[in-house]
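Report on the following structure.
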Amino acid sequence: MAASERTPLLSTASTTATITANTSAAETPVDADATLSRPLSKDGVDPAGTAAPPKTSWLASLWSPANRVLLAGFIISLSFSFTQVTIFYAFRLMECDVFYSNHPPFTGPGDRCSRNEITAGTARQVSLLGISTTFFGTWNLFISGRQVKRLGPRAALILQTSIPALRVATQIVGVYAGGQAGIWIFQVTQIITVLGGPAGYILVVNTIAGEVVAPIERTALFGKLQGVIMLGMAIGLLLGGVVGDTFGIVRPFQVAFFLFLFASAFAHYAMPYISPESLSGPGAKTNRPGGLAGFLEPLKVMLPQKIRLHAGRVANHYGIFFLCFGEFLGVLATGYAPMLLQMYATATFDFDQTNNGWLMSGNAFMRAFFLVLIFPRIIDAGRAWFARRAREERRAKRTNRGLSSSSSSSATVSTTAKTPKAAVKSYGATATSPSSSSSSSSSSNSAAATAVATPVIPDIPTQPEQFDAPNATLVEEEPILVTVPTGESRPLADGDDGDDAEDAAAAAADDEKAAYAFDLFFLRWSLLVDGIITAGAALGSQPWHMYLITVLLPFASGSAPAAKGVITTMCPSSQRADALNAITLVENMARLATLGLFGYVFAALADVGQAQLTFYCNGALAVLAMAVLMFSHFPPRDSVLVEAGEAEAEAEAEAEAETDTVAAAETEADSTEA
């Protein structure tokens with residue numbers, strides 16, 4: 001499926017080289033082992049060297065579309081995270097103003113805002129802000145998905161970065177207003193997140209990332225993109241706090257405002273243009289539904305797909321459904337782990353804000369390090385491993401077929417060599433006239449000797465008069481393949497290379513499908529590893545154990561990019577944007593659910609003094625997510641995906657055929673009665 005996908009932003013030179021390589025492969029026989037040793041060339045060129053891609057300068061490689069997408073993700077995530085730490089302290093100051101507006105002024109040493117009432121009010125406001133951000137951010141996914149389809153990814157990314165600048169500008173007004181008015185400004189302006197927010201820009205940059213590289217490179221690029229987003233978030237959290245402490249609480253909002261403007265300008269000038277029509281693909285519907293149906297259209301990706309099997313039967317395929325369900329459970333299990341570590345370390349080991357800051361920053365930096373540098377190498381090595389296994393299986397099958405063909409050929413030769421002389425003589429007697437038998441005794445003896453020396457199959461005619469008279473024009477037949485004892489097949493016609501090129505192309509396609517299967521394999525086992533590491537946190541008895549866990553957890557954090565790579569491979573190219581929208585929506589809903597679920601579980605277990613058992617609950621849910629993903633598979637290799645319109649047309653045709661059959665039966669019954 002993915003081997004024939006269209007990637008609109010691949011370079012023309014690379015495309016030309018690919019076409020040249022395919023043409024050469026179709027005309028010139030190549031060694032199958034040499035061709036398939038590296039079937040997943042990133043340039044899409046035959047690894048045997050039939051057409052080498054043109055070399056590019058290091059500057060052009062550095063400024064490639066993929067690297068520009070990564071830089072955009074870093075800048076935008078830096079802009080969004082620059083005010084996250086400052087917002088907490090802004091709410092604390094505003095709650096402090098509200099408290100002392102109804103109470104006597106503070107007198108005495110110490111911080112005037114260090115009161116339990118102010119701390120509780122700040123926690124309520126921050127929690128409400130987080131809930132509203134998640135809620136409006138979920139709707140922002142639908143809005144940004146519609147923007148991508150109607151305006152294109154670049155225009156959608158400009159909107160997703162310029163509208164948050166407006167929100168930050170209103171928050172600056174809230175900081176200057178202070179008190180209850182400032183709190184209301186902060187809370188109400190979260191509605192702007194519906195039009196542009198942190199969830200929408202992630203969807204848009206993932207959509208662009210899926211279009212600027214070949215299908216085989218998408219999973220690795222998704223991982224790198226998530227890594228640079230985590231890196232930007234970590235740096236933004238640190239720099240935002242430093243700027244706020246050094247230059248005042250309003251300065252981080254001002255810096256973030258200009259960062260968003262810079263991100264919008266970068267998206268306009270540096271992001272490649274992708275037309276909305278190219279995202280639809282050749283198999284997309286020309287008239288998309290409008291209104292609420294069009295708004296919720298990405299959810300249809302999770303419905304069972306229709307595939308046509310090799311036998312011609314149409315069946316349902318639930319691969320994407322179980323993929324989304326398993327990814328939901330996976331994020332539900334692992335999404336709360338960083339917050340759980342922070343809460344458990346604070347409650348058990350008395351971590352303060354500085355320790356928690358290092359804990360979360362270290363987790364973000366290690367996650368970025370893993371996703372940018374290690375995750376792509378794991379994907380490449382694992383795909384090469386799966387492709388090598390597929391080649392070995394094909395080679396074993398080819399060897400078995402050669403041995404069976406050799407044994408059948410040897411049996412045929414031995415049967416021919418043991419043909420009785422009587423059969424040869426009787427065949428010759430039938431072909432010879434009785435009147436001439438006495439006069440040609442010497443010639444018949446020599447013929448018999450020749451027949452014994454060179455055995456003749458009795459069913460094959462040897463005389464012209466034994467052939468049937470032709471009653472039509474004979475058509476030239478295809479060359480016959482002769483099986484030789486070595487297990488190889490060669491055509492009889494001179495200069496004919498048979499189907500070697502087609503076999504090599506089919507083998508390369510099988511290798512690519514086997515390589516994509518590793519993404520699903522990695523997704524399953526990464527959740528298991530994540531569950532084991534999370535459950536191991538319950539055994540921590542020293543403060544440094546928490547730092548060790550937060551360093552180890554990112555090494556199992558590749559499930560999200562792997563899920564994006566798998567779902568974009570399972571679905572057709574016309575639904576790729578909707579597929580990314582759907583999987584991002586699933587992850588957002590899981591993050592929202594895990595805050596409520598495991599927040600309640602942690603509170604309940606903490607009341608009985610067993611807060612560490614929450615880690616075991618996380619680990620068990622991760623194992624359950626892996627079990628669900630075991631039901632997710634790619635469609636069979638010989639199957640074909642049936643588009644929605646084609647399936648409806650087939651259903652209508654079957655209904656019409658059934659109606660015609662019933663009408664014909666009724667007509668025949670009426671004529672019989674008459």
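Here the Cβ of each residue, glycine as well, is placed from N, Cα and C on the backbone.
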Correct range for region 'Disordered' (source TrEMBL, candidates 21-52, 117-148): 21-52
Stated TrEMBL location of transmembrane segment, expressed as one of 521-540, 641-660: 521-540
Dominant neighbour of the transmembrane segment (521-540) in 155-177, 221-243, 546-567, 579-601, 613-631, by Cβ pairs under 8 Å: 613-631
For the transmembrane segment (183-209), distant same-chain residues with Cβ under 8 A (at least six beyond the ends): 66, 69, 72-73, 76, 80, 87, 90-91, 94-95, 98, 125, 128-129, 132-133, 136-141, 143-145, 147-148, 153-154, 156-157, 159-164, 166-167, 170-171, 173-174, 177, 218, 221-222, 225, 229, 271-272, 274, 279, 564, 576-577, 580-581, 584, 588
Non-local residues, at least 6 beyond the ends, that sit with Cβ under 8 Å of the transmembrane segment (249-270): 68, 71-72, 75-76, 78-80, 82-83, 85-86, 89-90, 93, 154, 157-158, 161-162, 164-165, 168-169, 171-172, 175-176, 240, 243
Interface check, the transmembrane segment (318-337) with the transmembrane segment (155-177), three or more C-beta pairs under 8 A: no
